[in-house]
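Have a look at the structure below, then the notes.
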Amino acid sequence: MAKILSFSDDARHQLEHGVNALADAVKVTLGPRGRNVVLDKKFGAPTITNDGVTIAKEIELTDPHENLGAQLVKEVATKTNDVAGDGTTTATVLAQALVREGLRNVAAGANPTGLKRGIDAAATKVSEALLGKAVEVSDKAAIAHVATVSAQDSTIGELIAEAMERVGRDGVITVEEGSTLATELDVTEGLQFDKGFISPNFVTDAEGQESVLEDPYILITTQKISAIEELLPLLEKVLQDSKPLLIIAEDVEGQALSTLVVNALRKTMKVCAVKAPGFGDRRKAMLQDMAILTGAELVAPELGYKLDQVGLEVLGTARRVVVDKETTTVVDGGGQAADAADRVAQIRKEIEASDSEWDREKLAERLAKLSGGVAVIRAGAATEVEMKERKHRIEDAIAATKAAVEEGTIPGGGAALAQVLPALDDDLGLDGDEKVGVSIVRKALVEPLRWIAQNAGHDGYVVVQKVVDKDWGHGLDAATGEYVDLAKAGILDPVKVTRNAVANAASIAGLLLTTESLVVDKPQEPEPAAGGHGHGHQHGPGF
């Protein structure tokens, strides 16, 4: 396919137009008084959102050169969202300001490579300075503040704080569409996996259609159990203790399943069999996790265990097990806390070492099950459009809260970036174009504050000057229009979010400034309509 080429200033200005188009659509959403953006959908109701990355992902420009610029800024928003889960609009505003100031200096004769080095050095220094100013987030009230600021809703903030308190910092908090007007929290305490009973004859609670086992023994094996002879020695020992038994195996079938069902129906013993979750190596790892949580030994031939030769010593325990047709929930497993902590540390290392997004996601799920369960926030609203918008806000707030717990918080409202400017006072000892690069970052850092003020109906430049002159942590509460101690007012940002926004904006701006040519596909000319012979009759059936 034929290509169109653009070079030097022409290329960079076309990229800048694309950057501005996307950034102008996104930055109106910044701050508590930010506007919404309506996104058209091919199917269903339009989406109303103020989430930067959601808006950015929808934007494709018709001009291929400008579209490259838009896609570069989209990358800033997406990467910031992936790493920190929030701060996408801040990153976009910073990138636009860095590109604008950078191109102005390139046009005046500055060397793009020198500017890039200065920008990168300044971004690193700002990141270090912000981290040094961060305050640890530990108590529930501080967590609720961070979540409230991100979601712009105190009810959502309280729910997220409650969820995090109950499932722990590594616990999974998911968001679903609710079926009522209220937004609700539901927490699964303990371990839950997506496999239910193999036979409905194991049900002990006919009304709830559940098998409920109180203080049971738990057998966990990688084997498929077909012959009852394999299980008989163990079943007899369990029966002597008059305890229920949960069997988690690759499968239970044939004679073994029939015998278990007969014993359950006759109430000779309370028993329930479920299939192990997952596949292959992941299944084995998940079974090992369950064994650690319940204090069981994983019965597997490769570990030296044969099912017909083991006793009660390989069985785990729990306070309660509830099994329905789709899920199994183990509450208060009898494993040692130290063993679980070691396993958690091992999985964390695996997450850090993995370069596969899918593997990391699955490892994170295992980590959550080991470290505290799963919380589900159900977003309630009057209409589908409102529900989707609320769901987006809750997801952003969860990500921001987890980032805050991880690295701490700094004053929000754009004030921290404006007040960290003294870190760049000596231009980092650089000179020439690198020094200019530092000054470009200095000008860009106040832009998020300016747009937060602008969107709230204030003069952005006046607000910036006032905030820069104030002590650290004092700034504009855009929701009320007053200048306050931001930490006391609960206006906080996760430092991880802000640091990533700066780093990603600097990275993309540097790449764009050092771009010397663009290569895009030449648009295809529309083919002329084919001429016909003019007869109006149809050939064949008229489908």
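Heads up, the Cβ atoms here are built off N, Cα and C, so glycines get one too.
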- Task: Among G157, G408, G413, indicate the single residue that Swiss-Prot lists for the ATP site containing T29, L30, G31, P32, D86, G87, T88, T89, T90, D477, A478, A479, D493.
- Result: G413
- Query: Given the binding-site residues T29, T90, which one is most crowded in terms of C-beta atoms within 10 angstroms?
  - Reply: T90
- Note on the structure: According to DSSP, A479 (ATP binding site) sits in coil
- Task: Count, for each of the binding-site residues D86, D477, the other C-beta atoms lying within 10 angstroms of its own C-beta, and report the residue with the smallest count.
- Result: D477
- Can you tell which of G31, T88, A479 has the least company, meaning the fewest other C-beta atoms within 10 angstroms of its C-beta, among these binding-site residues? A479
